[in-house]
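Here TrEMBL flags 25-44 as transmembrane segment. Under the heading domain 'Glycoside hydrolase family 65 N-terminal', TrEMBL lists 71-311. TrEMBL lists 372-590 with the feature domain 'Glycoside hydrolase family 65 central catalytic'. Residues or ranges marked as active site, proton donor by TrEMBL: Glu527. Annotated domain 'Glycoside hydrolase family 65 C-terminal' per TrEMBL: 707-769, in sequence order. Feature annotation from TrEMBL assigns region 'Disordered' to 812-837. Per TrEMBL, the feature compositional bias 'Polar residues' maps to 815-828.
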Amino acid sequence: MKADQNAHRADVTPAFQTRARRGRLLTRFCTVVAAGMLTASAVAPSQATPAAADRCDGGPGWEFTSDEFDNSYGRHAFVGNGYLSQQVPPAGMGYAQTGEETGFPLFTPRFDGAFTAGLYSAAPTKQSSVPRRAIAAIPTWSTLEVQQGAHKYSPDVSPKQVSNFRQTLNVRCGLLRTSLTWTTPDGRATDLEYQVLADRANPHVGAVRLKMTPHWSGPAQVVDRIDGAGARRVQPTGSGADENTIHVGFSTDGVGVNGAVASTLQAGPSAKVREHHHRADGLTAEHAVDFQVEPGHTYEFAKFVGVDTRRRDASTAVRFSRDAAERGWGNVFATHAEQWSRLWRSDVRVVGRPQLQDALRSTNYALLSSIREGQASSVAPAGLSSDNYAGLIFWDTELWMYPNLLLAHPEIARNIIDYRVTTLPAARRNAQSIGEKGAFYPWTSADTGDVYADCHSWDPPHCLTQNHLQSDVGFAMWQYYLATGDRQWLRHDGWPVLQAVAEYWAGRVRVNRDGSYSVANVAGPDEYSNGVTDGVFTNAGAAMALTRATEAARLIGETAPPRWEQIAEHLRIPFDQSHKVFMQYDGYRDSTIKQADSVLLQYPLEWPMSREAATNTLDFYAPRTDPDGPAMTDAVHAIDAAATGEPGCATNTYLDRSVLPYLRAPFAQLSETRDDSGSARTGPPAFSFLTGGGGFTQVFTFGLTGLRLRADGIVVDPMLPPQLADGVEVANLHWQGRTFDIAIGPQTTQVSLRDGEPFTVHATDGDHVVSAQEPLVLQTRRPDLTPTSDVARCRPATATSEEPGRYAEAAVDGNNATSWAPNGTAGSLTVDLGQPR
């Protein structure tokens, strides 16, 4: 039944290393969070706050608001600057633990953690008795509590004491604002407003501002706390307080990386501080100030947080903290907001689909909050929002998050490939230790890149069998070259990785009697299958890795072994010739798969295939994919559907399926699975799931635009489903020094050059040169307008109920691989056929 188809036929220092002009500099990790600078007799006075500091344009698509004081884990926002983060509970500050269990590999309760990029510990887990790397959490730095007599406003305050609650995350400027009225059991009411940020302008700084307006008079207390309750996988190394600073020190479990947390508190002029109290014990330190309040008066406090990863002692972090306090909240916020404004120059704009717009902005905010320019650290599936997946680095980064960053922020995307360049020596040692050639990157990795120290998945042994990661790393390297055209980088950084990956595959294959090559004992992206032979995505990726390495050698004047191309040309690619479907592996029939696998051949691999094979492969695997699987799968289905142009509007069905079942109010965050409890097979889902957000965003940046990178230009082949009739704009994209926009309308699409030299766009009607003076206008493909006798196709459809991901639109999208299902035992469907013709 199956036949083989040949390969050619069908300023921040992370925990480990920082970029240097020549080589890489190993750096020890020392973290300090600062918040509590005092004078000998008074809290440091608040600096004047510029009026602009209180303003940040928001509105629909930029602000996400909760009016419900609910401590469920899905209602916790987070702030981050790509290096430092803090998850924040509904209370607006401080530490909370919601208690739901996380999934692989930690299986520990969810909590509001503070994280720094690249800080890892090593300890046994429920998954493994052998100590393995997991991200460490530093003490919570956002705590700023209010005390009135025996009553305290803290994250565990009774909801009965809270009214007029509103919490708003403004992603445009990276600010979380919480306002409420707190009424104590004895009837005293106080209006509170908190603002929390992780400074994008200075990654070593975080800040919290409190405004309180009591409706009573008497003594009050504000408590600035470094809260050790939020720390995970660290041990205390000492704590203390002096007239200016409280601080705690820690060391990461099993690794011994030292850090410290310190704090600087600042009082506004209306708060006349009478007395100071200090306490330091283990991983917790406090600085409390007493003052008198009058009804209707507003009292302001701010704390400034500093983080340093370059020194063992706290001096540098204290300086970061004091410098921020000297500048004051207003100036810190102004420069922070300006940096976010610059990041948002690259944006995806969708008119008329507010849920999609919210999801795009929220997912890109989460990604940009978890990575920044200038540090050789990568991004975990949940970023810096939590310790889900132990903060480890998977293939998720290269295939799901990296492509969008490469288009929008190539300077930030560079971190992801620098991380692989940095860990290449460890990858070479891994290959040697498992009896292979070249380099072997572990399926899950941390700061060392060592397969035995970093990788958790040994039963089944995905640490060894999920070897398609090698090709995924090579894919990212080649894409960076196409996007930048930087041959110097290719020679010094890209080529060594591409070469090592090619060497691995050249040694990993076995030759068959007919002269073809096979790869045995592998697991493709579908984690429900393991130990198979000739995984189609694995083999296609290996063939492309060998081909790209050969091309890279030619570009820089090196000589690649001829055997690389020979293997690439003869690697077995399982293909059902009679049905024109790529088979997932040798012997695959039709079992349920966890997530996108064979469908990845069309995108992102761009494996040569006919339109018939592309369509049939998508239609074959989409209904065989586990609906309880992770969020990113339907994004690839949407991109593939957009490329094949099958008549109808299945692209929109898959687009909606890629995000709507996973989108969680109030902050438009994505869960890993449709059901927040997960399943027995998949376990509890990650949250926030940046992998899913990365896939969803690619539907716009690569799917609807038809954008593909080439060394001599870009390919653009735009399409638009009727549900997006108001158009889509993808702004401020980058290719080899050019900045450009793509605006897709229902009839035409325009490619406009913002900055840089003219460049070539390869379109279906030929090659075009785009300049600042002459934008390119292309016809927008509309598969929904293909003539049909089906009067219901792509017409508006509604249903009395819908199973998540099986929406009414699927019944009329013209594709038999999708379907509507009621959310229960019965339901009815209505299709608006329009006016009689």
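Backbone N, Cα and C atoms are what each Cβ position is placed from, and that goes for glycine too.
Same-chain neighbours of the compositional bias 'Polar residues' (815-828): 618-620, 622-623, 641, 646, 648, 650, 653-654, 797, 799-804, 806-809, counting only residues six or more beyond its ends whose CB sits under 8 Å from a CB of the stretch. Glu527 (active site, proton donor): 20 other CB atoms within 10 A of its CB, across all protein chains. Mapped onto three states, the DSSP output places Glu527 (active site, proton donor) in coil. Residue counts for the compositional bias 'Polar residues' (815-828) under DSSP, helix first, then strand, then coil, are 0 helix, 0 strand, 14 coil. Along the domain 'Glycoside hydrolase family 65 central catalytic' (372-590), the predicted structure has mean pLDDT 97.
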